[in-house]
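Now, the feature entries from TrEMBL:
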- 29-116: domain 'Ig-like' (DOMAIN)
- 137-223: domain 'Ig-like' (DOMAIN)
- 228-314: domain 'Ig-like' (DOMAIN)
- 322-408: domain 'Ig-like' (DOMAIN)
- 880: heme b binding site (BINDING)
- 1163-1197: coiled coil (COILED)
């Protein structure tokens, strides 16, 4: 609410271009250099022959500004005939001599400010360089910038030169020479004519005149007029009466479009409670009333066209509140045949949905069970089998609340009694009910608080919160993790009750759940928590689909073991875990525990002593793209689901406490830490467990160690592009078209579509509103926004899918949207596999490693491809050693962009930089041009990762190396020496025995100082510190573990691209033409030159080549040949296959196969085709009439204007 003395204001910046449309609310002090007076193009250094003519350019955005020129900081006199100032601000210096040497700068002045360009130096070569006084080239006609509309027939840039001998004129566009052709035609006088104007003709054109005595040049821009395109669209808004609504709408176009707002088709006027920014980019409704509700349309219009976008505004009395039960069920006794009511009513906004469960099974409104609109449960004609626990759950977007009551039917035996009526143990079943109810409430409270902090915290996030946000599990994963947490917490509560003496049981000294809980009790807890119903088994009988395409969630790849490699399943173990209690407690939890006679050192201490490095060296062979592909691939393979709560079940906030209280498992900060001096720990939260492991395994007949959940599919299937669940896959698809495409985001002039913005509040990754108000991008993996290089990779592959879908639709117009989507997805998945196995992996494993990896010998259905825990938590993290502290960003000419290179600490959680700082091309060029960091014995992870990770102002940055070590301990991963044994490496009894793999003596000394015994070394630490071998980027241990996993990913995948049944032979030939260089050429904004192998430095392969020289994938082999295409693409399209799969009552006589397609003779087929063509012609005639009518209307309007 505003007080009487409060002053509010709103403003948007117009200049410079990188700040265009930015709200004052989203700006910081560094941004307040906005000025309408700005030099758009300043003079450039020039070297010219004696007697020649020099031209300096000065273009100012404000046409009313006065332009002056200075030489060596002194104003040039306007009456000096040597200097000619042209109308467009260009300075021409004729008959140059040595005294004209110097620095020239342009100054623009307006009524209240002035601005200067950078000084440009002119060097005049002596007279001896010229055969005669006027022999050097001089331009007598220079090109001028021009704006043209696409579709115009041609445009000519004038350029004429004189000199002795007559100069030759060459033209270049954006620094690339343009040979004379039909498209770019050289006129006899040297002018350039560009024909058939299209959007690609936009750019900077340079005319250069050259002869034996020198050279001179001038440039001009061709600006292609473009219809408006929205770069920021208004979001639907909900507010309460008296609140404020802000709708933001920004459009790009040439000329800049004018923004107009409409409400319910009536123009919105500025004034009173309504504020519209001068440029129209912001509509603000203050002190909102219910009458302000409606549909608001933002219209962008320029001479090239009009676009509009709408948003719905709802104003009502509301406040966003999590679901809360106001009436809860309670314990009830009833007699057979009676009717009972169990109350359940909830409040919240939005209004919560209410569900009921009986003993863990969801109830429906059927038969004797009715659920009222308010949520109360009615049971009519109560029967003996109705006895049990009834749980009411209220859920909305902001939380959940659960309560339960027990229905007892009189004169029935207690459910915990045996058939003879004796008690299986002396525990009172009431305590189990209490323990479960408390556990459910504790877990839900912690989850609700975490969700509230993530969704509703609009302030600056600290590094740990940012790390949590981008990894927070989605709803299905949360439910799976919650079930295990509730089950585990129930057992903990029971143990507390026993230890407090509230349960009189004859238990042994060492607590054993089996002594106090009967199988019936355990089954009840499992059902109540949801552990028994976390996932339905998948039906893999529909071979029409599963023989041709992958499922989205990875199920049914292996038809004998349908869940192998599927999403939301547990990681695979290479070696048994070493939890401190044998099944759940992480390594190092008991601080006094010793391993091989020594305690575990602090993860942070190991990082600062052995792993972190300020000094870096560059790899002599590999580009930074090796690292970036590795991260992109990792996000296709594994994502350990984090805990669903960031506070303990006892209410301890993991960010504020250094206690070990599940799920909090903080990293201790050692005394004398070089950076962290004000805290005893860095917060860390455990990964979630899957039901049936850890403490929840007591439900099963034997204890199973705690296993973590892999949220992703294990297969290399491009799940980071398409998602790992049906729900996410649908959200990513453009279902409004029939092209089988993925959703696209904003399109900026001269660029291709970006990723769509995420509408999910949980995806919010904004660090600071002063940097940008842009939200995260939406992609198949929630971590896509983690750093800008990763955003660029996701953008490229979204574009590649849509490029494929578009071309496949052209080749097969009869295919429906689902067929196009799945075929394009299949090709993209194969491309990612081919690039990984044939182009990236050899750079990682080296020549000998690839020999050990071996050739593909076919599909092995007995090989489990699931990702191993040690691969995900240690081995694949070798890529962290290749990360440079700076991401280089390069222009089309491979020079730094205007904004400069990007320190890694500023690259995290800043997807807005893609929008505002040059797009994806500069990042991609930096990745395939610049060398990666090389790992050396004392140069492992750079300090941007260990001292500045996700750093924000006044917050403790995270430490990636320490987190890697701590995560392995959380997952109970055995030590380095145990995995050496698995890989058949030499035995180790002392630190000197490591000298074959860790040759640096000082490193071994520090290892001994920290760990005391080699058996105590963490697997990540030992693997990282090994020397790289045989041209690989890793040591022998990680090479072994990577080979073990990648062999499974290849040989255990029924859809591996080289499997004979996946592609036709001619299609496989084309898949093998794929290279990441080709993908970047096709999907970058304007990448025209590239190294053939983007994983190798360009200088090692002859430098850059034109994209035209990179082999292309020919899709004509996917063209469907058919005799009568009226039927092709119909019976076997995916939508029809899915319809067939979902048909509930299909009789044997209803099976429809290709054999049942009616057969027509050839004459009848031809007649039908002719009729179809005639219909198409009629439609075309009708469309032409409509177009002619539209043209006439436009002509009339233009005459009026």
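Every residue, even glycine, has its Cβ placed from backbone N, Cα and C.
Residue counts for the domain 'Ig-like' (29-116) under DSSP (helix as H, G, I; strand as E, B; rest coil) come to 6 helix, 36 strand, 46 coil. According to DSSP, the secondary structure content of the domain 'Ig-like' (322-408) in residues is 3 helix, 50 strand, 34 coil. The residue listed as 'heme b binding site' carries a helical DSSP state (H, G or I). Along the domain 'Ig-like' (137-223), the predicted structure has mean pLDDT 89. Using DSSP to sort the residues of the domain 'Ig-like' (137-223) gives these counts of helix, strand and coil: 3 helix, 49 strand, 35 coil.
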